[in-house]
Amino acid sequence: MPNLSNLRSLRRVYKHSLSSFQVRAQNTKIGSLGRAGNLKAARKVFDEMPERDVVSWNAILTAHWQNRDLEGSKRIFDSIPERDILSWNSIITGCIENGEPEQAFEYFASMPERNIASWNAMLCGFLRYGCFDKAEWLFREMPEKNVISYTAMVDGYMRHKEIRKARELFDKMPKRNAVSWAVMVSGYVENDMFDDAKKLFDLMPQKNLLACTAMITGYCKEGMVAYARETFDLIQDKDAVSWNAMLAGYAQNGHCEEALKLHIQMVRAGVRPDHATLISSLTACSSLALLQQGRITHALAIKTMLNSYTPLCNALITMYSKCGSMRDSELVFCGIRCRGLVSYNTIIGAYAQHGNYQNVIASFEEMQQNRIDPDETTFLALLSACCYVGQVKDSLKWFDLMVSKYNLTPQSEHYGCIVDILSRSGELEKASSYIKKISNKAENAAWGSLLGACKTHSNVELGELAANNLLKLDSQSSGAYVMLSNIYASAGMWGAVNKVRRLMREKGVKKLPGYSWLEIGNKVRWFTVGDASHPEMVHIVRELHRVTLHMKLSKEVDVGLELD
DNA sequence: CGAGAGCCAT
C-alpha cells in the first residue's frame, strides 16, 4: 500500500527532472543556433527561458562571440550569477577568436581555478598571434600537459618555421595521436621539406586520413601527381577535404580534365562538394578556358549559396577573365560585399590581362579610396598591365612607388616583369642588367623574354648571351635554339644558322608545335601553326585576309601581321 | 563538456 507522502516526493522528483530536461534541451538549442550564425534566434530562446542554469549562460555567452559580438559576451560574462570554469574558458576562447589575446590573458590570469582546457586555450591563443615567448613560457608553466598541448605547440613551431624545435618536441611527446602525426607531416610539406615529410610518413604506424591528405598536397607540390593519386587511393573513407586535396593537385599541375572528372566522381561517391571543391574546379576551367563549364560551376555555387563567399568570387573573376568574358568578371566583382585586398588584386590582374590599362588604374585608385594597402601581388598585376600595353615609363614609376611608399621588397617576379617590359621596348642592355637580381627559379623566363626581344630588335650579341644562359639552365630548351637560329637568319648569318640546326640534331632536341584552343558554342576548337585540315579552310583564310586588311587600314594600330 | 589537424582565391 503506497503511502501518500512517498508519492508526493516522487512527483516532486519527477517534476524537477522534467524541468531540468527542458532546460537542457533549450541549452542545446541555443548552442546550435549560435553555431549556425543565428544569434537573434539563440537570444530569443535564452530570453524566454523560465529558468536557466549556468550552462544556459555559457551557451549564450559563446553564441555572442561566435557571431562576432565579443562585447556582448563580456557583458553576459559579468552578469552570470554563478560562473563555472567553462564560463571562463569560453570568454577566453572568445577573446582569442576575436583578435584580443591580451584581453584573453587578463581573464586567464584572474581565474579562480583553471583546468587543462583553460591552459590549452591560452596556449593556442599565444601561438596563433605569434607570441612565441609567452607560449613557451606558458607551456613550461602548465601544471599538466596532454596530447593536445603538445600537438598545439608542435604545430605552432611549424607555422613559425621553427622546424627543428617542432621535431624535438614531437620526439619528446609521451603520446601521439593521428593529429600529432598529421601536424608534423603537413608542417614539413608547408615548409617545402618534402623529403622529411615522406620519411616521417613512411615511419607512421597507421597512415590516417589527415596525414594522407597532407601527403597528397606534398606530392602535388613536387609535381608527383601519380604518387599523390596512389596515396589518395589508399584512403578508405575519403572525406571532402581529401577529395579536394587531390582535385586541387590535379588542377595546379595542369591535369585539368582529370580535376573536373574527379569533381563528378566525388559527387557519385556521395561526398558533397564544398567551397574548396568549386574553387579548384574553377581554377581548372580557367586553365582550359572552358567558359561553359565555368558557368555551370558558377551555377552550382549559386545553388549552394556559396556565391557570397569572397574567395569563391575571386576564383570566379579569374575564371571569367581567363575565359574571355570580362563583363562577367566585372559583374561578379561588383556583387562582392566585402572587397578585400585579394579581390582588388584579382580584378586588377584581370584588367591587366585584357590590356585595359585605364581600368587597371581606376581599380587601383578605388582600392586606395577604400583604404586597402596594396601588396607585392598588386604591384605584380600593375607591372604586368604595363607589360601588355607597353608602358615603360609607368612601370618604373610603379616599381618606385612600391619600394618608396609601401616599403615592399620586389621579388624575382617583379624584376622579371621589368625585364620583359624593357626587352619589348628594345632597351635590351637595360633589361639584361636587371636579370642579375633574379633568382634561379625565375631566371629562365627572364632570359626567355630577352631572347625573344633580341629577335624582334635584331641584336645578335645579346641574343647569343641570352640563349647561352637559357641553355645552361635547360639544355633541351627547343625554344632557345629556334629563337637563336631565327636571330642569325634575320641577320643573314647562314653559317651560324646551320651550326645551331646541327647542334639541335646532335642533342636530339625537337621542337614540339605549340597549339591553342577556344570554345565556340559548346565545342572546343583547337589549332596549331600551319594546320590547314579544317574543312572550311578556304573561307577561314579569306576572312583572315579581310580582318587583316581592316586592321591595317585603321591608322591607330600597327599589328605587324603578315599573311601571304 | 573542453582544447590541437588535413583541402581552397590574386
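Every residue, even glycine, has its Cβ placed from backbone N, Cα and C.
If you check TrEMBL, you get these features:
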{"type": "REPEAT", "residues": "A:84-114", "note": "repeat 'PPR'"}
{"type": "REPEAT", "residues": "A:115-149", "note": "repeat 'PPR'"}
{"type": "REPEAT", "residues": "A:177-211", "note": "repeat 'PPR'"}
{"type": "REPEAT", "residues": "A:239-273", "note": "repeat 'PPR'"}
{"type": "REPEAT", "residues": "A:340-374", "note": "repeat 'PPR'"}
{"type": "REPEAT", "residues": "A:375-405", "note": "repeat 'PPR'"}
Please work out the mean pLDDT for the residues of the repeat 'PPR' (A:375-405).
94
Sort the residues of the repeat 'PPR' (A:375-405) into helix, strand and coil with DSSP and give the three counts.
27 helix, 0 strand, 4 coil
Beyond the flanks of the repeat 'PPR' (A:115-149) by 6 or more, those residues with Cβ under 8 Å of it:
85, 88-89, 92-93, 95-96, 101, 104-105, 108, 155-156, 159-160, 173, 175-177, 179-180
Could you give me three numbers for the repeat 'PPR' (A:115-149), the DSSP helix, strand and coil residue counts?
26 helix, 0 strand, 9 coil
Could you tell me how many residues in the repeat 'PPR' (A:177-211) are helical, how many are strand and how many are coil under DSSP?
26 helix, 0 strand, 9 coil
